[in-house]
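See below for the structure under consideration.
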Amino acid sequence: MSPPSRRLQTKPVITCLKTFLISYSLIFWFTGVILLAVGVWGKVSLEAYFQLASEKSTNAPYVLIGTGAIIIIFGLFGCFATCRGSPWMLKLYAMFLVLVFIAEFVAGISGFLFRHEIKAVLGGAYKDAVTNYNTTDPKSSAVDTIQKTLHCCGVDSYTDWNTTKYFKDQGIPNSCCKENAVCTVEVLKDLDKARDLVYDTGCFLKMTTLESNLGIIAGISFGIAFFQLIGVFLSCCLSRYITNNQYEMV
């Protein structure tokens, strides 16, 4: 057993580590709340983009929701382990942070390296959906959603619809109509008459911001990933101090 003087010297160190680790765990918990919120928002707001990019519904929003929920749980677990002063709990918490670090680091690299490919895939999928637009399949519904949300029309401009089969029958889709504009089938089948009533900006131009956003997201992922290493360091240090000095938390 350590001499009383050594225990007295160690106590402030452990108290300091506890304070930092609890603060870190709360911040870590908050990042979980953000991921959970982004996952819910993605499921509600970005479903149209996911439908275009894949034949089946993507699980990406659910992955974010699940990851956020797990981080919230382990963030609270980290606070509990710190207050309890349990070495094995602190080691378990550190192991989880290492796994999160690896996952976020890989996600950041993937987002940065494949940002051009992701934009190209989304652009190609949107062009295909416009060409085969028929108002009945999910991809056509996704096109309508994107055009209404982004206030755009067609791939590069509203004139892209002129080459589609749907234009010959119904003209430009109603989702291209500006707010408060009265669009009839006769008007939508005439490009000159429809010019002032529909959005003239192409949707692909609006979606090109995806590439720059992926770069930003990748940078944030790197920052958050390395932030996990702080928690690993604090958890391991606190566990070591408690184990070596047989310090009992009250």
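Here the Cβ of each residue, glycine as well, is placed from N, Cα and C on the backbone.
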Task: Second cysteine of the disulfide that TrEMBL assigns to C176, among C153, C183 - done: C153
Task: Cβ atoms near C153 (disulfide bond) (within 10 Å, other residues, all chains) - done: 27
Task: Neighbour count (Cβ, 10 Å) for C176 (disulfide bond) - done: 26
